[in-house]
Amino acid sequence: MNHDGETNLKVKQGLEATSSVLHEDSDFKDLKAIVRCEDPNADLYTFVGTLDLEQQKSPLSIQQLLLRDSKLRNTEFVYGAVVFTGHDTKVIQNSTEPPSKRSRIERKMDKIIYLMFFVVFLMSFIGSIVFGIETREDRLRNDGRTERWYLRPDNAEIFFDPERAPLAAIFHFFTAVMLYSYFIPISLYVSIEIVKVLQSVFINRDILMYYEETDKPAHARTSNLNEELGMVDTVLSDKTGTLTCNSMEFIKCSIAGTAYGRGITEVERSMAMRSGGTALVHDDLDVVVDRSGPKIKGFNFEDERVMKGNWVKEQEAAVLQKFFRLLAVCHTAIPETDEATGTVSYEAESPDEAAFVVAARELGFEFFNRTQNGISFRELDIATGQKVERVYRLLNVLEFNSARKRMSVIVRDEDGKLLLLSKGADNVMFERLAKNGRKFEEKTREHVNEYADAGLRTLILAYRDVDESEYIEFSKNFNEAKNSVTEDRESLIDEITDKMERDLILLGATAVEDKLQNGVPDCIDKLAQAGIKIWVLTGDKMETAINIGFACSLLRQEMKQIIINLETPHIKALEKAGEKDMIEQASRESVVKQMEEGKALITGSSGTGSQEAFALIIDGKSLTYALEDDFKKKFLDLAIGCASVICCRSSPKQKALVTRLVKTGTGKTTLAIGDGANDVGMLQEADIGVGISGVEGMQAVMSSDIAIAQFRYLERLLLVHGHWCYSRISSMICYFFYKNITFGVTVFLYEAYTSFSAQPAYNDWFLSLFNVFFSSLPVIALGVFDQDVSARFCYKFPLLYQEGVQNLLFSWKRIIGWMLNGVMTAIAIFFLCKESLKHQLYNPNGKTAGREILGGTMYTCVVWVVNLQMALAISYFTWVQHIVIWGSIAFWYIFLMIYGAITPSFSSDAYKVFIEALAPAPSYWLTTLFVMIIALIPYFVFKSVQMRFFPGYHQMIQWIRYEGHSNDPEFVEMVRQRSIRPTTVGSTARRAASVRRSGRFHDQLKKNFIAF
């Protein structure tokens, strides 16, 4: 069975009491049974219940429970009884409302909208006061006329009545609020949503982020956070399945104190380079390794001493046999036999488990069948030298979980002997060994440490014989504990199994390699060059995590490592004494002291002005205390001062808490990336959650904002798409406010010119359609297609990404600059149009320009200027931009002719205004041309001066491209070196440090030579 979204199979088994007697529908006719179980809860991994059938109690556990949305595999159908329905099901109780995530730009845009509302109300209020005063003073003069006689105040009901000026001012306030509403870009939200959806389509269809091996493209599951991808300050990454492939390969093992396996891991190659470039080889140099034959998934083991049945010649052949038998028997994998070829493949709960069973098969112990209570395998018989089939009766499976860190099975072999076979983490298995079972402990520990240094995941294998009487007692207690329907059932079971899993005899250890994904070191290097901080949160051992850090260039040899753990002699002594309160107090004090020492080290280094880089490495136990409310600020200050942070042995909850701490503590954008269910909390807590569709299942993807197939695609997602989306959205919003302020201020100035009489400058349809037809499409095209810098230059100059991290393109300075540009443009348009049409005859009939002519001329100038401003602001022209910009201008004239041809009852004062008034007048065309030039000159001059003397980083890159220096390495390097912060992580930093060391070495040689 696998759950919806998962790829790894989970073994589910019916009770023997029911599966042996219920086979057909008719068998259920006389069935009478009672299920007693726990109340509905959200725990997906436990189930407590019993089945009363024919006066016999049978325990029910999670192995008998099929969750909602489960998919059956290896089984055609099942009979079952429904225990929970609807909102009582565990899956529904685990489903939570997805966290509401909004980008920083959107939240800032809300503040600008509030500011614009305030401005509108302020303008309306000031205008109403002026209008009220004007109205109150508009009384009869000596000639019997009012000053504003054309408004007919003598016949007014309220609006222009001097006797009711205060009420008229209040009416004017509400009218002005409606009239000035064009300052508020309501259509901005709609336009942004359209743009973001189209940006997401481009991300989804990017062929360079498509992983052909699994047929997985990138998938933006939400479009809310596109621009946030260009503002990431810290990346928090899982290790297994994210930086690595989570495709485990059995590569080495230690059996009876002897190390087997001659493969070289990626981490060992990295270690060899760090130690001077010498290749790591095994001690036995005269051994020839046979690398012929096809590659077997999950198996990369090479050692002729145990391959092809040669293990029988080893001195400890009996121990090797027990070791390989344990691999073939102690698991929950399900075999699948190909009927055509007879080959056996395996479905397992985890890649590790599959690798062990494949290794056993390749070494001659082929597991081929599993039944309700039996495991069948083929092995080489030492006595006869022939392959024989063996069937072990499976009595109990003591399952693995994160607390137990081990898994065991109790089986009865063909001779009737009872065996307990166990495998687990070294820190729990070594302490369970019997005194006479530690024969190989010292050597095995050495090998396990070597494997951890090589970046391998290790497990300890051990066994023991079980007495019949002991097993009868265990079985009785175990079944009683399983049949108890109480809250402490799990603790009772753990206590009983703990007693059984003691006095073990050590066989050896396994080592599997989880290879780095392709391109991970290069990706981390580019992200580091972009100024992005990278934290790794993993459940692996500290040694493994450190060596993976070296392999992927997250750590380098020159870095000073600040290691925080609780492996001090004092704490170990307290742990042996078992005094919990004292252990907790001492641990807390130790963690705080280590954090203070680390901070002092960083402060001292920065005081000397050196460029030393620090790496913080902390384990899960220490992290528990570091994340306490009293100390988390101290921990964050220390972590921020380090170039790399690695949190080892961290739980899913700790991952989420660390992510929350970074997000709230720094106030910067965080991105979490992971591939498993244990990363879900981290992904939902971060500003952006990126799920990797790997082999651990789809839980991370289902909880993420964006899904990619490989970690290396994060480079393109952030440096290219992230920067483009941030730049486009920032420019789009700034331009939107510019054009609305330009349009709105002309309306305000005209109303002020008409003594705040609430008279609109333009026809009602002109007002309504400005943001719909005459200026909306160019801004959408800007948000979708514009590129300030090409993708090639985004890679070449990764520091360009810091424009988003520092929010340079959407700062208040830039926003207010665009707003002021809009105000100046509107002032130029209004006064130039008004003055040019004020004192002259407009046509041969001797008529002067009225409101419809002035309004039409101003509107034409606004349409031309805002669209030409767009043309000046665009960095990357496509045919789409040309169509929408020039098309919007052309459509204004087409609309004016069509609308003006409609009857005056509908078109009102726009009736034939273009055909009969505007188009025939040369002054209309001259005014439009003159206003366009004058209105755009300030922006053109400002951009010219800025580009020449104060260029931004993207403008410098544009100059490089424009002047043809893109292939001049010295010039490019000069621009690249204008770093906002020195790079301390990645292969580039490693090379730079090497150059610095080499320079210091040569300087010292020179000094010594001069002294000599």
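Keep in mind that glycine also has a Cβ here, set from the backbone N, Cα and C atoms.
Small disclaimer: the values here were computed from a predicted structure and weren't measured.
Noted in TrEMBL for the protein shown:
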- ASP238: active site, 4-aspartylphosphate intermediate (ACT_SITE)
- ASP238, LYS239, THR240, GLU353, PHE400, LYS423, ARG457, THR538, GLY539, ASP540, ARG649, LYS655, ASN678, ASP679: ATP binding site (BINDING)
- ASP238, THR240, ASP675, ASP679: Mg(2+) binding site (BINDING)
- 701-951: domain 'P-type ATPase C-terminal' (DOMAIN)
- 112-133: transmembrane segment (TRANSMEM)
- 169-190: transmembrane segment (TRANSMEM)
- 736-753: transmembrane segment (TRANSMEM)
- 765-785: transmembrane segment (TRANSMEM)
- 815-833: transmembrane segment (TRANSMEM)
- 853-876: transmembrane segment (TRANSMEM)
- 883-902: transmembrane segment (TRANSMEM)
- 922-942: transmembrane segment (TRANSMEM)
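Sequence features, as recorded in TrEMBL, placed on the structure.
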residue	record	contacts (Cβ under 8 Å, 6+ apart)
ASP238	active site, 4-aspartylphosphate intermediate	VAL536, LEU537, THR538, LYS655, ILE673, GLY674, ASP675, GLY676, ASN678, ASP679, MET682
THR240	ATP binding site	ASN246, ASP514, THR538, GLY539, ASP540, ASP675, GLY676
PHE400	ATP binding site	ARG406, MET407, GLY424
ARG457	ATP binding site	MET248, ASP352, ALA511, VAL512, GLU513, ASP514, ASP540, THR544
ARG649	ATP binding site	THR538, GLY539, ASP540, LYS541, MET542, ASP619, GLY620, LYS621
Among 736-753, 853-876, 922-942, stretch most in contact with the transmembrane segment (112-133) (C-beta, under 8 angstroms): 736-753
Within-chain partners of the transmembrane segment (169-190) [C-beta distance under 8 Å, separation at least 6 from its ends]: 109, 113, 116-117, 119-121, 123-125, 127-129, 131-132, 135, 158-159, 733, 736-737, 740-741, 743-744, 747-748, 751, 756, 758, 760, 767, 770-772, 776
Count of other CB atoms lying within 10 Å of the CB belonging to ASP675 (Mg(2+) binding site): 30
Non-local residues, at least 6 beyond the ends, that sit with Cβ under 8 Å of the transmembrane segment (815-833): 112, 733-735, 737-746, 749-750, 753, 854, 857-858, 861-862, 865-866, 869, 927, 930-931, 934-936, 938-939
Dominant neighbour of the transmembrane segment (883-902) in 736-753, 765-785, 853-876, 922-942, by Cβ pairs under 8 Å: 765-785
Sequence-remote partners of the transmembrane segment (922-942) [C-beta within less than 8 Å, at least six residues beyond its ends]: 821, 824-825, 828-829, 832-833, 836-837, 840, 842, 853, 857, 860-861, 864-865, 868-869, 872
Overall pLDDT for the domain 'P-type ATPase C-terminal' (701-951), taken as the rounded mean: 89
Maximum Cα-Cα separation in Å among residues ASP238, LYS239, THR240, GLU353, PHE400, LYS423, ARG457, THR538, GLY539, ASP540, ARG649, LYS655, ASN678, ASP679, which the record lists as binding ATP: 27
